Amino acid sequence: MSPIRVGVLGAQGRMGATVVQAVEGAAGMEIAATVDAGESLSALAGAEVVVDFTHPDAVMDNLRFLVEQGIHAVVGTTGFTGERLETVREWLRSKPEVGVLIAPNFALGAVLAMRFAQQAARFYASAEIIELHHNRKADAPSGTAAHTAELIAQARREAGVQPGTDATTSEVDGARGALIEDVRVHSVRLPGLVAHEEILFGGEGETLSIRHDSLDRVSFMAGVLLGVREVRTRPGLTVGLENVLDL
Ligand SMILES: NC(=O)C1=CN([C@@H]2O[C@H](COP(=O)(O)OP(=O)(O)OC[C@H]3O[C@@H](n4cnc5c(N)ncnc54)[C@H](OP(=O)(O)O)[C@@H]3O)[C@@H](O)[C@H]2O)C=CC1
Ligand SMILES: O=C(O)C1=N[C@H](C(=O)O)C[C@H](O)C1
């Protein structure tokens, strides 16, 4: 069988460079093209699957090009709102054979942590998230933390659980974090960190902490390579690696 021809968008970035190395070392795939900021997307025309780790401001234009060209896409770039996802679905209506996989986090442990948090949410009215990242990260909160908060909020809604009480009446701006739906998310940025998330639940006389640490960007690669292999057989939009892992 001929190797999967993979294009990488953002190939000189922290994630893109790691993806190029991973594809080069993987069986059954090869690099078809790499594109960075300021370069023409047309170089990707010969790729079967393109991996995008660029910037929230760039990713929608990239995706529109890929869908129009009939190229499957595996996207790790953050910044996907419900509205953006709906736009991608709209583009895919005229290209039903194209697969797009968008995942806020490709690390297995992060995907499991999100699923465990989703399972725990109906048992605990009070939940807060702390995400910790390197200080070169452009967006806050992280896409993973935002997605985790949405999953917790959705699980509570489905179970009819109201968010827990919080007696704060006086607050320095930002001290209680950002609200994603009804879940508070706190963002830490420090050199030395890679990507970390702690999901905290509080109940009667107990707390539950679910923590995941990516200590190296290699932690994302098994998920990205799985996505590259699977996206060709999954037409339409898939959001979250959990769907590919059948979790
Ligand atoms: N889903 C997941 O598992 C993960 C997701 N991410 C996400 O991936 C994204 C990238 O992260 P990271 O690699 O750390 O960031 P970097 O800034 O290191 O890399 C981004 C790269 O993309 C380039 N770029 C920007 N715009 C374009 C464009 N229009 N076309 C092609 N290339 C472009 C940048 O170039 P220049 O510097 O010149 O602007 C840079 O080289 C972020 O949104 C991050 O949150 C990160 C890790 C894991
Ligand atoms: O920018 C990063 O580094 C990461 N971004 C993603 C996010 O925002 O969730 C995934 C991971 O946390 C690393």
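Even glycines carry a Cβ here, placed using N, Cα and C.
TrEMBL lists Gly10, Ala11, Gln12, Gly13, Arg14, Met15, Gly76, Thr77, Thr78, Ala103, Pro104, Asn105, Phe106 as NAD(+)-binding residues, and of the candidates Asp36, Asp166, Asp173 the one it assigns to that same site is Asp36.
The CA atom of Thr144 ((S)-2,3,4,5-tetrahydrodipicolinate binding site) is located 6 Å away from the CA atom of Asn105 (NAD(+) binding site). Note on proximity: among Gly10, Arg14, Ala103, the binding-site residues of the record, the Cα nearest His134 ((S)-2,3,4,5-tetrahydrodipicolinate binding site) is that of Arg14. Listed in sequence order, Arg136, Arg217 are the same-chain residues at least 6 apart in sequence whose CB falls under 8 Å from the CB of Arg14 (NAD(+) binding site). Each of the active-site residues His133, Lys137 was scored by other CB atoms within 10 A of its CB, and the lowest score goes to Lys137.
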